[in-house]
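Below is one structure, written out as structure tokens; the observations come after it.
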Amino acid sequence: MAERAALEELVKLQGERVRGLKQQKASAELIEEEVGKLLKLKAQLGPDESKQKFVLKTPKDFDIAGNFDPMIPDAECLKIMCEILSSLQIGDFLVKVNDRRILDGMFAICGVSDSKFRTICSSVDKLDKVSWEEVKNEMVGEKGLAPEVADRIGDYVQQHGGVSLVEQLLQDPKLSQNKQALEGLGDLKLLFEYLTLFGIDDKISFDLSLARGLDYYTGVIYEAVLLQTPAQAGEEPLGVGSVAAGGRYDGLVGMFDPKGRKVPCVGLSIGVERIFSIVEQRLEALEEKVRTTETQVLVASAQKKLLEERLKLVSELWDAGIKAELLYKKNPKLLNQLQYCEEAGIPLVAIIGEQELKDGVIKLRSVTSREEVNVRREDLVEEIKRRTGQPLCIC
């Protein structure tokens, strides 16, 4: 019990150190190193038998012994990633894939010692940001790697392509003799077959420089990046890094299984904050505002004591399926109502005034162009639907 309590205290302290480094925005390499230490401590700690036990559940058709096709879930995750990024319409993207077993096998045949695998891995992962010469200088000058070993690594990690590169490396006289690398290449070849069937192979690139620093990845790894396009007027070049990433982590969940079973897992994450940064930057370049509401039309009044008339009209629009709203003040100033529309991105204003009530019309104003037209009240719904692209009523 005393030994476990000591380990729990070490886990707590290490967790606080990792959180502190993240708050201080320390280097990714240092954070990765400390996260690795935390995971090792948690693995040593193991499950607490004194606490309530739980059972890991898997789908009914899933065989935990491993009698299943290993690449179908990975291919499905990549398909989902491509569908999400396509639907967001943030620009052309490319998904880079690799396998941690290929990386480890490559480092082994190039002469990297086991103790340097992860630190050299973190250097290789920088190749999408800096040149090979800078990466090589870091490996040799800062991490003590022999120059000839770095050169051998460079021959591999600067290669990228599709299934043809996988087949080429399967014939590589050195890499094909490494068991880990051979397993990884075999799975990647199968993965590309499924990606072709899913119709997304043109969005995927086998990139030997992709490393994904976290230690818990055990197989296929991937990340999506936006393809750079020439910056338009007023638009800064995008530099947000990857917008989605994931991979296979077969050893992670099993750490929490009382029986220590291996539970195969694969997953992905979407970089929501980075995607928001891209969208905001492009809207700023186009001088467009981010809409904070789905409201299509604001019901406004031009004079005082027209609250009841506004309520009647907004109710008519709601009944017709129009997304409408009004300000809650009894007698809001027209200018304030128009400014609210501009700030919230509401495209139309339906204005009621004493003269409009007498004439049986509603003044419909476009917020962007400030153009105003009188529309007969009975025609207002159809006119709003026409302007907002909603289906018109066929009566």
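Glycine is no exception: its Cβ is also placed from the backbone N, Cα and C atoms.
Among the ranges 52-79, 248-275, 276-303, the one that TrEMBL lists as coiled coil is 276-303.
Cβ-based neighbour count (10 Å, all protein chains) for Arg212 (L-histidine binding site) stands at 20. Over all protein chains present, the Cβ of Tyr217 (L-histidine binding site) has 23 other Cβ atoms lying within 10 Å. Sequence-distant contacts of Tyr216 (L-histidine binding site), defined as residues of its own chain at least six apart whose C-beta falls under 8 angstroms from its C-beta, comprise Leu39, Tyr249, Gly251, Leu252.
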